[in-house]
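Here is what TrEMBL records for this protein:
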type    : residues                                                             : note
DOMAIN  : A:60-165                                                             : domain 'THUMP'
BINDING : A:Met183, A:Leu184, A:His208, A:Phe209, A:Arg265, A:Gly287, A:Gln296 : ATP binding site
Amino acid sequence: MKYDHILIRYGELALKGRNRSDFEKKLKENIQFTIREHPSCKVRRTYGRMMIELNEEKPDPVMEKLRHIFGISSFSLAMKAENEIEAIKEAALQAFLQHEGKKGTFKVSARRSYKPFPVRSQDLNQYIGGHILRNTDEVTVDVHHPDVEVVVEVREQGTYITCGRMAGSGGLPVGTAGKVTLMLSGGIDSPVAGYLAMKRGAELEAVHFHSPPYTNERARKKVEDLTKILTSFGGRIRLHVVPFTELQKAIHANIPSNYAMTIMRRMMLRITEKIADIQNAKAIVNGESLGQVASQTLESMHTINEVTNMPILRPLITMDKQEVVEVAEKIGTYSTSVLPYEDCCTIFLPSDSVTKPRRDKAARFEEAFDFEPFIEETVKKVETLNIGSEEESADQQMDDLL
Amino acid sequence: MVYLDNSATTKPWQEVLHAYQEAASSYFGNPSSLHKPGVEAEMLLNKARESVASLLKTKAEEIVFTSGGTEGNNLAIKGTALEHRNRGRHLITTTVEHPSVKEAFSQLEAFGFEVTYVSVDREGRVRPEDIEKEVRNDTTLVSVIHVNNEIGTIQPIQEIGERLKKFPKLYFHTDHVQGAAHVPLDLHAAKVDLCTISGHKFHGVKGTGVLFLKEGTVLSPLFHGGTQEQTYRAGTENVPGITAMAKALRISRQRLATEEQRLCQLKDYLIHRLQEMEGAEVNTPDQGAAPHIVNVSFPGLKPEVIIQELTKRDFHLSTKSACSSKLKEPSAVVEAAGLGPARAESAIRASFSFDTAEEEITELLEIFHEIIPEMKKVMGAER
């Protein structure tokens with residue numbers, strides 16, 4: 001007998017009324033997408049739990065992927081037994097023996113959700129505990145602080161036995177909070193901002209500003225790679241690559257250099273808002289942190305924010321650089337983010353940017369030139385990549401060679 | 001054609017050549033270039049690296065692509081010795097190494113390093129305790145071949161690795177070229193720091209190889225230039241060759257899983273038949289040898305003549321290591337195993353691949369039975 005299921009638990013807080021089924025449906029979808037390379041695994045919803053039938057798949061790679069999925073509070077390997085006392089005793093013993101780690105003390109916590117089962121929970125604890133004690137050495141029962149808790153749940157379709165649990169990523173399933181557009185630069189901050197937005201259930205539409213020939217293929221590839229890493233936390237992400245060169249040139253030619261950066265940001269925001277409208281996204285997420293660079297002073301944010309009334313979410317607003325780096329390392333974006341390619345923010349960056357720009361001045365400078373046609377044209381030329389599916393076919397071509 | 005010189009090189013598999021060709025034409029960019037073809041070539045290179053790493057159960061960062069076994073061995077040995085020369089100049093190896101290891105150590109001796117050559121038993125096997133005994137405070141590197149290329153003996157790499165664990169400043173290298181396809185080594189369990197593999201020994205193309213460099217291992221490079229392969233091996237990566245190698249390694253591992261048993265039976269069959277044959281002395285040990293190498297001596301006969309006679313009949317075998325077979329010297333490995341000069345001078349090696357069939361071995365034995373007595377008469381072996 002061996003562990004043949006993974007039992008997945010999720011928090012109850014967000015689950016009220018109709019939310020619950022949306023939440024569960026989305027979580028199931030996200031799990032299925034994330035473990036799609038293990039096609040024999042079957043995901044099922046059961047009474048406030050998710051259950052994966054492994055069907056001979058090795059559990060470790062599947063569990064590694066589960067650790068990243070938002071909306072899961074914890075999960076455990078589980079062994080399924082027939083609803084029959086001898087079978088349950090034996091499965092519990094096997095589960096205990098195959099569980100890793102110290103085996104000094106244990107307790108059995110049995111629960112009988114399936115009431116027609118003839119043995120009461122209290123008696124189950126005793127029978128199973130006794131069976132484990134008789135068949136092991138140097139193991140004792142400790143009901144207060146056991147090293148291993150053998151959890152036995154009798155349900156209608158069978159009894160599940162688990163020992164120990166692994167922590168999930170928490171948060172809400174991606175997609176349950178609606179859509180946001182993430183301004184993804186390729187730096188360290190914006191992927192972390194995207195990750196944190198996903199953690200609260202947001203589905204991402206990533207927007208990247210690309211200025212060929214000033215920014216090169218590798219810079220773009222880097223952003224595609226970052227987007228791909230973010231998909232491992234739940235679902236496909238569309239990446240909208242904005243051809244920004246013409247607009248940047250126009251800013252460069254028409255705006256005093258100390259306001260060029262501010263105006264550029266305003267343009268980016270206008271374009272992002274338009275993409276958000278097209279994609280039916282309800283907010284913009286970026287990687288700004290208060291006071292980190294010239295464009296992230298309160299005055300700058302105030303001036304730049306003037307051009308949109310869509311909510312701008314800034315998950316990193318109060319974080320130090322070091323804290324952001326720590327998250328970036330944890331989620332695996334750091335080493336890609338630090339690859340040294342120019343992006344559109346550094347390429348035309350004037351050395352004399354104001355740190356305290358004013359709304360009225362910015363607006364006046366913008367009047368010097370009719371930017372609207374540029375913006376319209378740029379939005380038309382946005383290229384949309386389906387990261388996590390189109391990418392996969394190119395991937396597949398390469399995999400075939402290996 | 002019956003090709004039984006697979007320890008010298010293997011015939012590239014068709015699907016491997018196809019992958020080579022496709023990679024060479026569709027992913028021709030320089031992986032270090034900034035443009036799209038460069039980025040795509042780099043992606044393929046990274047995927048090949050990940051694939052090789054997962055087959056070897058290592059991390060991708062621990063894989064350095066080289067041009068093959070000779071480069072891998074030289075880089076591992078000289079690179080480690082030179083990098084740590086201020087800490088010590090004593091090195092340990094065995095008397096049964098491949099020329100690319102032996103010669104690298106010779107050169108280091110000329111540079112003023114001291115090398116201890118640990119001897120082997122009659123099966124060509126080194127005793128782990130003999131290695132451990134030689135370790136000194138100034139020893140920086142131990143290098144032991146995994147599967148002997150001439151007689152197929154498997155060395156107790158894991159046991160050596162475990163004993164060397166007591167000397168944390170010491171690096172442990174193994175030449176895994178003959179083992180990669182047929183006797184996989186768990187590098188982390190064997191506590192190996194450096195390990196050499198060559199692509200053309202498992203149906204890849206020539207000019208490809210891997211040096212496994214355990215995380216935290218530092219080396220002095222042999223080639224200087226760009227920053228490719230973490231600067232340990234400057235020079236534009238051979239993307240098509242590496243792709244082909246990754247594919248060949250994957251297929252090899254799959255075939256090993258299903259055919260190891262068959263190869264072992266084939267080897268035992270050849271060994272037993274040869275043991276029964278008059279005038280033949282088998283040099284490959286019965287136990288603890290790779291499933292694809294059989295070495296046999298016909299004392300009194302010149303092996304070149306036998307090889308000539310066989311090749312005329314379209315059977316292709318070799319004398320010893322291909323890298324030294326053009327030198328008319330006795331087999332250093334058979335000699336080091338103490339099997340005597342007569343056997344060392346007359347050794348012949350048959351090495352199989354996954355494609356070797358039983359009929360081929362049966363036919364080979366028939367030819368031996370036909371030509372060996374004939375030759376003995378002519379060459380007057382019964383002195």
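The first residue you see is number 1, and the count goes up from there.
Glycine residues also receive a Cβ, built from the backbone N, Cα and C atoms like all the rest.
A TrEMBL annotation is a machine prediction, not a hand-curated record.
Overlay of TrEMBL feature records on the structure.
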residue  : record           : Cβ within 10 Å
A:Met183 : ATP binding site : 23
A:Leu184 : ATP binding site : 29
A:His208 : ATP binding site : 28
A:Phe209 : ATP binding site : 27
A:Arg265 : ATP binding site : 24
A:Gly287 : ATP binding site : 25
A:Gln296 : ATP binding site : 21
What three-state class does DSSP give A:Leu184 (ATP binding site)?
coil
Using DSSP, how many residues of the domain 'THUMP' (A:60-165) fall into helix, strand and coil, respectively?
35 helix, 34 strand, 37 coil
What whole-number value in Å do you get for the largest C-alpha pair distance within A:Met183, A:Leu184, A:His208, A:Phe209, A:Arg265, A:Gly287, A:Gln296, the residues recorded as binding ATP?
19
What is the average pLDDT across the domain 'THUMP' (A:60-165)?
89
Under DSSP, is A:Gly287 (ATP binding site) part of a helix or a strand, or is it coil?
coil
